[in-house]
Amino acid sequence: MTAAAAHRSGRTAVPPGVVARVVLGAVLVVNLLIVELLFFTSGGGKNSVLTVAKFFGLHVALIMMLQLTLVARLPWLDRRIGMDRLTSWHRWVGFSLLWTVVLHATFIVVGYATLDGKPVGRTFLSLAAVPASLLGMCAAAIIIAMATVSVRYIRRRLRYETWHALHMLMYLALLLGLVHQFLEGTTFTASALSTAYWWALWAFVVVSLIVGRIVVPLRRNAYHQLRVSAVVPESDNVVSVHVTGRHLDRLPARAGQFFIWRFPGHNHWTRANPFSLSAAPDGRTLRLTAKAVGDTSTGLRHLPVGTRVFAEGPYGAFTTLHQVKDATLLIAGGVGVTPIRALLEESTGSTVVLYRVQTAADAVLLPELQALAQSRGAQLHVLTGRTGAGTPPNTPFAPDDLLALVPDITDRDVYVCGPPAMTTAVLKTLRTLKVPRAQIHAEKFSLA
Ligand SMILES: Cc1cc2nc3c(=O)[nH]c(=O)nc-3n(C[C@H](O)[C@H](O)[C@H](O)COP(=O)(O)OP(=O)(O)OC[C@H]3O[C@@H](n4cnc5c(N)ncnc54)[C@H](O)[C@@H]3O)c2cc1C
């Protein structure tokens with residue numbers, strides 16, 4: 001990539017995603033080492049089983065803090081790693097938290113039962129009568145309940161808002177866990193240094209959550225005062241919502257990013273839906289384009305002009321910040337065209353756009369794409385037809401077909417956004433064609 005192009009997009013020699021992963025990994029390793037040191041220097045439990053329980057208890061605290069940091073929506077991490085990946089890590093860290101909690105609780109009960117020579121059930125009840133232990137039990141119960149509703153089978157059957165509201169109980173678990181650790185954790189008070197360490201860690205997590213999830217969104221919305229300025233139907237089931245506000249040039253949004261939108265006054269304030277920007281932010285307006293799939297997205301068509309908008313964001317790493325080559329291939333499927341349309345506005349070098357739809361009539365925003373492609377000298381291919389139909393079968397994203405359309409694909413950054421099945425197929429083909437991983441960028445329209 002030329003130095004000028006790199007400067008324009010804010011790109012650096014080391015990919016920002018790599019920097020963020022290294023920083024996150026290093027912070028984690030350092031904290032793990034400190035926790036191991038605290039464990040080995042603070043003495044064992046009253047018996048060997050309780051020593052093991054203590055080991056797991058310390059790790060519960062650390063994992064919980066990692067778990068919460070991943071979803072604190074820290075702009076630095078989000079822009080570099082992306083909310084989809086961070087929430088996916090949060091999900092897997094959540095399951096390791098569950099098993100560590102279960103092991104900690106089991107070893108505690110078994111350890112005390114052995115120590116007192118009582119049955120496990122009786123020991124459990126007597127521990128529940130001790131306030132500090134009871135707090136830990138309540139925190140564990142919330143973590144187990146959250147992990148249960150997050151199992152894909154159950155999660156899919158719950159409304160997003162219901163699942164999200166239940167998930168908020170994790171903040172209660174955090175509070176109970178902190179008090180439990182403060183009252184019962186021997187390493188918390190083992191030395192002035194270890195007390196300072198734990199307080200610093202908890203303070204970092206709590207402040208990150210408050211800043212990322214409350215202060216930044218409230219401040220941004222109070223400052224920008226967003227309102228709906230126009231509602232434009234793009235087709236029978238797709239609508240664009242234009243939003244204006246004060247000083248939008250100071251909003252650090254980029255093409256390819258998304259916001260979590262609320263329309264209080266029109267919808268209940270708990271309704272919050274992620275939609276990408278379907279045009280690059282121009283400092284005066286923001287635009288989202290939504291396909292009607294459920295109540296909120298269908299209702300956007302009836303938003304009155306002037307409706308107050310509360311937007312959390314911008315979020316996401318599907319931006320040219322991560323571009324490593326000068327040339328670009330943008331692949332959109334269906335309504336996945338929204339961030340692709342915005343990215344096309346920002347693309348500078350040689351650009352090819354592939355837009356996959358069943359029929360040309362389904363290609364929303366096509367006139368805009370055509371005009372943009374023409375003004376930027378980009379090639380645009382609209383790929384229609386049912387996948388697998390005809391002879392030879394219609395397989396636009398099979399390796400040979402994709403290579404025929406874009407022969408220099410390995411020299412391009414590839415941005416793909418579309419239905420999950422299409423995105424998966426494209427990613428598989430890119431791997432087959434040996435497109436380097438650093439050049440592949442995908443937005444899945446789903447958060448774990
Ligand atoms: C990063 C991202 C960007 C997106 N960009 C666009 C876009 O530009 N255009 C577009 O048409 N669609 C986009 N989507 C999909 C869009 O968010 C959903 O289609 C929409 O939220 C459906 O809401 P609903 O109330 O109409 O339907 P519902 O029936 O309530 O929801 C349908 C599905 O949408 C998902 N969903 C709903 N609310 C949320 C939420 N707050 N967070 C995460 N998932 C949720 C759930 O998985 C749910 O099963 C995007 C999704 C993500 C994650």
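Cβ from N, Cα, C; glycine included.
Now, the feature entries from TrEMBL:
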{"type": "TRANSMEM", "residues": "18-40", "note": "transmembrane segment"}
{"type": "TRANSMEM", "residues": "52-71", "note": "transmembrane segment"}
{"type": "TRANSMEM", "residues": "92-115", "note": "transmembrane segment"}
{"type": "TRANSMEM", "residues": "127-151", "note": "transmembrane segment"}
{"type": "TRANSMEM", "residues": "163-183", "note": "transmembrane segment"}
{"type": "TRANSMEM", "residues": "195-216", "note": "transmembrane segment"}
{"type": "DOMAIN", "residues": "221-321", "note": "domain 'FAD-binding FR-type'"}
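Outside the transmembrane segment (127-151) by six or more residues, the chain places 91, 94-95, 97-98, 101-102, 104-105, 108-109, 112, 158, 163, 166-167, 169-170, 172-174, 176-177, 179-180, 183-184 with a CB less than 8 A from a CB of the stretch. When Cβ-Cβ distances below 8 Å are used as the criterion, the transmembrane segment (195-216) is approached by residues 31, 34, 38, 61-62, 65, 68-69, 72-75, 171, 174, 178, 181, 185, 187-189 of the same chain, each at least six residues removed from its ends. The helix, strand and coil residue counts that DSSP assigns across the domain 'FAD-binding FR-type' (221-321) are 17 helix, 40 strand, 44 coil.
If you count C-beta pairs under 8 angstroms between the transmembrane segment (52-71) and each of 18-40, 92-115, 163-183, the highest count goes to 92-115.
For the domain 'FAD-binding FR-type' (221-321), the model gives a mean pLDDT of 95.
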